[in-house]
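Read through the structure below, which is laid out as structure tokens, and then see the notes.
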Amino acid sequence: MEENNTVNFKRLLSDESTQSTLSLDSDYEYYQTEIFDQLPSIQACRPEQNRQGVLEVCEVYQGSPEPGEKLINGHLSRGPRDKLSMQPLRNLAMCIQAKRDTRDRRKMQIRNIGFWESWRRGQSINRKRVWAQMGGTLSSLLPWQHTLHTIEGRFGVGVKAYFVFLRYLIYLNLINCALIWGFILGPTTFYGWSNSSEPLKFGSNDSVLDFFLGSGYLDRSPVFFGYYTRGSLNLPCLNTPLLYLVGIITIFFLSLIMVVRRTTVGYKHTWMLGKRYSMNVSYKIFCGWDFNIQDPDAATLKHSFIRNDLKLFLEEQSFSLRESQRTLRQRVRLYLLRFILNVLVLSLLGGSFCLIYFATKTSLNESGHYGLVSLFLQYLPPITITSLNLVFPYIFHKISSFEDYSFTMQVNATLVRSIFLKLASLGIYLFFLFPTAGHQQHWCRENQFGREMYKLCIFNFLNTFCNAFLVGYPRKLLREKYPTSLLTRLLGKQHFPITLYVLDLVYSQTGSWVGMYYCPLLPLIGTVTLVATFYIKKFTVLQCCVAEHRMFRASTSSVLFHFMLLLGLLMAATTVGFEFYQQDGTLNNIDMSSCGPFGNGETVFNVTGVCVKSLPSLAQSTLRYLSSEAFALPLILAEIIILTSYVSRGRANQKAIERLKDMLIMSSSDKRFLVKQHTTMLRRKKETRKVRSAAIGEDAPPQLLERPPLHAN
């Protein structure tokens, strides 16, 4: 081998070079073996002295077989079959040549595994192909698919995320409506009539304003809690109160599962591609294009998005540099300013809560007024809450600009404060409404509370309608007819504030969940208003708005949307749980409500207790054990085991991700090393050719002189 090394790198300057017995193929074969040993990935594997680790790492660079196969003693053998080995070739992330090699490898495996195994694999591939085609067909049948595609093409993925979230809420409310019909409205329709029940009629004292106030005709209708009585369905474990309770609990539980699932799935992708995955500038330039864009104007805007994203990245880098260069005096002054501004924010929130309290007290004590004055006083709490939620986010944004945060941090701070304002204002309203509504002279306390939630839902939709057609569209007309006027320049271009509109959706859905116990048809009303909101927002974004030229990164993520929705669901569940607790605490109270399914002194605990007592002894013992403290220990142990398994799986996935990142780094190092070696080899070939041509030029004159002279005949 040493002799070969000497011969390979020796410069042959004489004619003996043409008589060398070493072929060019053997030189390249040896050079490939030597260059493979010098790869950075192989050099990194050698210090570990782990043969298995070397094989696993080197498989990536040597053209590893399919997943489910491994190398044993240098030969290919079938190991545990992986899911990817059964995937159709179209679904594999490979180049064309790799797919061809994979197809040939699968054909060779089919010849060796036998008829039955090959038939089973073929059926599995065909089944997955059919499921994929069915999934694509069902996804094409989803409503508003073309509208979402158009919005995405003109305004990007961020605005589309809002409409996808709105469509998800429509699906969620439709499921809630189906459950309410199955558990509450359906049984009451067929079995809820008793002999003393009066038919529902539009009386002489009823008016059109009852549909806005929730009183009169609607107060006696299936919209509210007091309509649902026991009726003829009066079995111990099959009656209207128990079905009512099971329906509400089922809706909350199913909504919790769906929201948590969407939140965790989105968080998983965000975690994998978030802060742990650093995207450099080259990725943003070469991989940041959106191929769903069809409009030339949208393409121009996408160019501006990428340019502004790079500007934002450079601004954050310069902000980090400026932040690291702050002196101690500057930091103390900045922290003092932030403390004062946060105190100002808390003062504004406290003032808003006081306004909500006075509005609630004034609205519930309203009497002696008629017509529009009565309507205004009845809607005073929703008007107050909506006005605060409309004005305060802009104040919070202005305050965050003085806190010397980065642009992304400013947006996040404004968003967090707006979330707290939305949910806290609703929570304070419920906190003041519970004790105040209980002392009202009304035949049904639950109906009184349901009316407030009904008015909150109706006014939120009216606010959306007026904001689109009385503010947004006239502003668009003003900009088209008088583009150079002072008012047009002051108002500026109209954009689509994604986060604020998402907060409105979360606020509306939270109100629907909270009032669902007191107003069972509120999910149906919410579905109708959400469908109308979809078309109103579609008109707003396509006709009145222009695309943003500066977007923050969180606008394209739906994780935050579903997390806010989860907070609203927890608030609604807390409200209903407090209602059950209040029923338990007022068992001996005289002014207890006597309407609805839990009238005549019945509560949730009485109804469930009667049902449990009617069950067989074995079922009673099982339920008592499940509700006792003895069941808490195995439940906690099961939770610990499940959480431990998920944590272990997460750590293993994290290690796999880090290992794949290392492989990517080593692959890029190998490429740079191979390019360098290839350049060196080409340079050596050029030098060798120059030397050979020079040597041939020096040897040519003597040969010409040795030739015999030519004599003329």
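Glycine is treated like the rest: Cβ placed from N, Cα and C.
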Stretch carrying transmembrane segment according to TrEMBL (options 415-433, 491-509): 415-433
Contacting positions for the transmembrane segment (515-536) when only residues 6+ beyond its ends and CB under 8 Å are counted: 144, 163, 166-167, 169-170, 173-174, 176-177, 180, 184-185, 222-225, 228, 244, 248, 251, 446-447, 449-454, 456-458, 460-461, 464-465, 468-469, 505, 508-509, 572, 576, 579
Surrounding residues of the transmembrane segment (168-193) on its own chain - C-beta under 8 Å, 6+ positions past either end: 222, 227-233, 240, 243-244, 246-247, 250-251, 254-255, 258, 262, 505, 509, 512, 516, 520-521, 523-524, 526-527, 530-531, 534, 565
Long-range environment of the transmembrane segment (335-358) - Cβ separation under 8 angstroms, sequence gap at least 6: 381, 384-385, 388, 392, 395-396, 399, 402-404, 417, 420-421, 424-425, 428-429, 432
Segment-segment contact (the transmembrane segment (557-578); the transmembrane segment (415-433)) at 3 or more Cβ pairs under 8 Å: yes
Chain residues in Cβ proximity to the transmembrane segment (370-395) (below 8 Å; excluding those fewer than six residues from its ends, i.e. six or more beyond): 209, 212-213, 348, 352, 355-356, 359-360, 362-363, 414, 417-418, 421-422, 425-426, 429, 452, 455-456, 459-460, 463, 500, 503-504, 507
DSSP-assigned states of the domain 'TMC' (444-555) in counts, ordered helix, strand, coil: 87 helix, 0 strand, 25 coil
